[in-house]
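What TrEMBL records for 92-118, 125-145, 174-200, 207-228, 248-273, 333-353, 373-396, 408-430, 436-456, 468-499 is transmembrane segment. For 523-717, the entry in TrEMBL reads domain 'STAS'. If you look up TrEMBL, you'll see 748-760 marked as compositional bias 'Acidic residues'. The feature region 'Disordered' is assigned by TrEMBL to 748-768.
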């Protein structure tokens, strides 16, 4: 295959413009279906279709009958037990972030798995609390249920002072978090039913990276105060993280040493063991459940040493045993939390789908984005009824479930059984556990998120816009809070897209000699521009927002402004007319002659230099041909135009709007006024149809200026100019009213100027 004859090809065909190609190749007639036909097809039902729809809503009916018990069950059991142990501890820890009693973290690690097992499409994600989402929930809970609303007067020590009624406060916070979870589920269900899974595409990787890093920082600060066990106020909203840091440093003298030591030891042990596990994971068949080990040891030490009684350490205190009955959500709160619920629902979905796609690609299966919306929506509605907070997936738990050999959602179901055991039987045993240990476990799991900072230099080298999006989203989420920060990052990301298309990419092309290949003349040495032809490629959509940028690119590419050239020529012709009327110049059939005998050398002088009337030329009108690139008989600066044709390569133009079509038509006419012909090449069929539908074609602009390829257009131009004098390619023919005292009227100029004025006014209205 390396021999020369296999590396060359030869094509012999006609030059194709758009009309000639359509004449030789008949298009298929596409008959659009009527609304009735579409409804009839979508509403028709059969047993097979009903089964497919049922399986799409309940994927468990599809994969469970195919479950290979002998091959997969042992792996799923090992994976489920490992994931369940970690999930139990993370549920307790992440409940601190959600500002609810830790026992509700166990519920949030159990109920969502049950529904996702039935309706989810990912085989490997571990459903449950996630630190970023838990913190977003906590910010809503703290803002709606602050401590100040539950102050009561106590005189137990003989002194009247205000204390917080913790029981009532926690009950209200649980109700708010459950209501928020319920509302998030409703919104996710609605988005899934409307097939709006594509919305996650707008959460680009740089945006998600910056947001999760900022969330990790907020999680870190919120857990540091628990590790130190210092009193701080609960701040929410803009700059809340800054105020919290100030509070921590202001009260750092009140640090509880027992909690600090326990937290530091837990953090160091977890980080070291995880680092060793990552480095030698090829030798360790099962990840070390260090969180479980540390928790058991810390609980034993706290109970044996009575750290709460002797050193006033902050402990879990009470974990409810068993389940609480379902509770109806407080619907009256929906209006207050719907904005936050929407952002939480989108973030939770985006995290879960992003992680799920990674493992789906690794194990060669697909997940359904819209079904994931429905699955998490049902999970959150169901969980919200049992006072849980919003569920998604956690990267660490999912990594454990996959790395320990999990094959299907059965592993997730077994992990739920482990959490169930903790809820029913083991909860009381964890009551002496210090909260600082749970906080340290949370901080130790933030390592991966913090390391995302290293992505910024790489993004800067690859794409500066992506790097700026990452930094802006991170900074905005830290300063404004997670919900407003996410919105600000999303708006900023979309703004960068607008900026990028606002300035369209424009390049001048040249031909690789002996081929039909055209490349950027600035990037290749051996490309040659066809003589008198300018080929310009636009590499972006063309619409009302970037049409001005396209015009500027065009002026730079051709080297002149067509409107300015035409106006300068008009000025020169008017000056010549005045001089003719004054007798300083004389117009003949062949040119303009000065009174001193100086001639315009571009034209052959009249042989006998007689008056025009003597030559039989009409007294009122003389047709004069001007070579605008030569010396003129008057001192007027007229820009030189060295080209006779312009080719617009529209091969990379994906769409055009009405404003763009009208503007392109005006550009074509501007060039035509100075005898520069405009051609189009490589346009898609939909672009051609759009231009046709928007009235692009008329008596002067016809479809035959459109060609299939740039090379077709170049060959056509060369064939047309083959017998033309290439030294004088551009002529302006105009009638001069020699004897009339009225100034010349250029109706075409006025008409086009009116079109331009109307166009600018329309664009201003669109912009406003």
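Note: Cβ is positioned from N, Cα and C throughout, glycine not excepted.
Remote same-chain partners of the transmembrane segment (174-200), defined as residues 6 or more beyond its termini with a Cβ less than 8 Å from a stretch Cβ, comprise 98-101, 104, 137, 140-141, 144-145, 327, 329-331, 333-334, 337-338, 340-342, 344-346, 348-350, 353-354, 368-374, 376-391. Looking at which of 248-273, 408-430, 436-456 has the most CB pairs under 8 Å to the transmembrane segment (468-499), the answer is the stretch 436-456. Sequence-distant residue pairs (6 or more apart) of the transmembrane segment (408-430) and the transmembrane segment (92-118) include at least 3 whose Cβ atoms are under 8 Å, placing the two stretches in contact. Between the transmembrane segment (92-118) and the stretches 207-228, 248-273, 373-396, it is 373-396 that has the most C-beta pairs under 8 angstroms. Tertiary neighbourhood of the transmembrane segment (436-456): same-chain residues 89-90, 92-94, 96-97, 102, 131, 206, 209, 212-213, 215-217, 219-220, 223-224, 226-229, 256, 259-260, 262-264, 266-267, 270-271, 274, 291, 294-295, 298, 313-314, 316, 394-396, 467, 470-471, selected by CB-CB distance under 8 Å and a gap of 6+ residues from either end.
Simply put, out of 125-145, 248-273, 333-353, 125-145 has the most Cβ pairs sitting under 8 Å from the transmembrane segment (373-396).
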